[in-house]
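Everything below concerns the one structure shown next.
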Amino acid sequence: MKILVDENMPYARELFSRLGEVKTVPGRPIPVEELNHADALMVRSVTKVNESLLSGTPIKFVGTATAGTDHVDEAWLKQEGIGFSAAPGCNAIAVVEYVFSALLMLAERDGFSLRDRTVGIVGVGNVGSRLQTRLEALGIRTLLCDPPRAARGDEGDFRTMDEVVEEADVLTFHTPLYKDGPYKTLHLVDETLIRRLKPGAILINACRGPVVDNAALLARLTAGQPISVVLDVWEGEPDLNVALLDAVDIGTSHIAGYTLEGKARGTTQVFEAYSAFIGREQHVALETLLPAPEFGRITLHGPLDQPTLKRLAHLVYDVRRDDAPLRKVAGIPGEFDKLRKNYLERREWSSLYVMCDDASAAALLQKLGFNAVHHPAR
C-alpha cells in the first residue's frame, strides 16, 4: 500500500508509515506521475482535488488535514466511490489566537481597551464559537452572524449582517467559501458593505480570501477612509495584490491556523480516518507527538489586565513576526508558498505554563486556553 502525503504535514511519515509505504510530495503542484502508483492521498488546502487530478488513478482515499474543504470536489469523490475525510476544527484554536494576537497589537498601538469594543463574528462554527467564548470570558461584547445556523434554528442570539455592520467595532470573518447558493460567501464583504464600515472599524479575514472583495477593500483604503485591516488570506493566492498588502495593517501568508498543535491535529485526524477506512483503526494521543515548549514556566503576580495578557499572548505568538516576512517578498513568484512551506514553529497558548498568585488570574487564563495554575504567594 502506497500513501502520498503533503511534505508539509507534520508527523505524517511517522504515523502513516504504520499503515504502508509513505511518499512525501509537494502540495502545489502534486506530481501526477506519483498518483498513478498510490492508494491514498493526504493533502492540505493548497491542493485542488477533483476529477482532473485523480481521474484514471488508483487512489481510493483522500484526506485533507484542514478544516475547510472548498479545495476538494467531494461530490465527485463520492460518485467515484473514493473515501474522504477532512479535519474539522483542527486549527480552530490557532486561528482564534491569531485573531487575539492581532487585536491585542492594534489595541496597544491605538490605545484602546478591548472591553470597550463590540466584536462581530461572522461564521460561528469551530473557530467563531471558540472566539466568542474567549472574548466573552474577557467581558467583551460579541455579536454573532451565521445565517445557515439561524435558519436551522440553532441555539444562539444570531444577528443579521446589517445589524452586525451597524453595531460592531470589529468584524472578523470565519466562514467557508460558498461561490453560489442561498448562503453565498464569495464577496460577502463587497463594495457596499465596505463602504458602510464605520470610521475606525477593524476588519479581519482569516477564512478564505474571496470572502472579501480585495479590489473594493483597496479602493476604500486608498480613499483615506480610516479603518484597520488584518488579512491572512487573499484573492488569487498564491498571488496577491501587493498594493493591498501595502495598505493593510497586518498581512500574512495564509498561516493563521499554522500552529504545531493545529497541524498535528489535522494529521492525526486524517490518519485515524484512513486507518478506520482500511479496517486497521488506530488512535493517537496528540501529546505523545508534540515536543516540549520553548518556555517552561512563567510566574505571574497579581490580576490579569490587558497589557499583561498581550505580553503573555505575544510571548507565545506575535502576529508581526509573520507580517514582516510577507512584505519583504510580496510579488516575487513562489515566495508566498515558500513562507508557508518553511514556516517557523509556532505553538498555542496551552503550551505556556503560567503560575499565578492571584486565583482570578489563573481562572481567567484557563478560560483563555493557557496552562495556568493558582499558586498562592508565601
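From the backbone N, Cα and C atoms, a Cβ is placed for every residue, glycine too.
Contacts of Y258 (substrate binding site) defined by a Cβ separation under 8 A and a same-chain sequence distance of 6+ are given as N91, A94, R340, Y343, R346, in order along the sequence. The secondary structure of Y258 (substrate binding site), as reduced to three states from DSSP, is coil rather than helix or strand. Taken from Swiss-Prot, the feature substrate binding site applies to S45, T66, Y258.
On its own chain, T175 (NAD(+) binding site) has V122, G123, T185, L188, C207, R208, V211 as residues at least 6 apart in sequence with a Cβ closer than 8 Å to its own Cβ. Under the heading NAD(+) binding site, Swiss-Prot lists D146, T175, D232, G257, citing sequence analysis as support.
Marked as active site by Swiss-Prot: R208 (among others). The number of other Cβ atoms within 10 Å of the Cβ belonging to R208 (active site), over all protein chains shown, comes to 25.
Sequence annotations record features per position, and here Swiss-Prot assigns active site to E237 (among others) based on sequence analysis. Neighbour list (E237 (active site), Cβ cut-off 8 Å, at least 6 residues apart, same chain): G209, H254, F336.
Per Swiss-Prot, active site, proton donor is recorded for H254, and the stated evidence type is sequence analysis.
Candidate binding-site residues: D146, D232, G257. Nearest to S45 (substrate binding site) by Cα distance: G257.
Note: the CA-CA distance between D146 (NAD(+) binding site) and T66 (substrate binding site) rounds to 21 Å. Least crowded of the binding-site residues (D146, D232), judged by neighbouring Cβ atoms within 10 Å of its own Cβ: D146. Each residue contributes its Cα atom, and for D232 (NAD(+) binding site) and T66 (substrate binding site) these two points are 16 Å apart. Separating the Cα atoms of T66 (substrate binding site) and G257 (NAD(+) binding site) is a whole-number distance of 9 Å. Long-range C-beta contacts of G257 (NAD(+) binding site), restricted to its own chain and to partners at least six residues apart, with a cutoff below 8 Å, comprise T66, A67, C90, N91, A92, A94, V95, Y98, A206.
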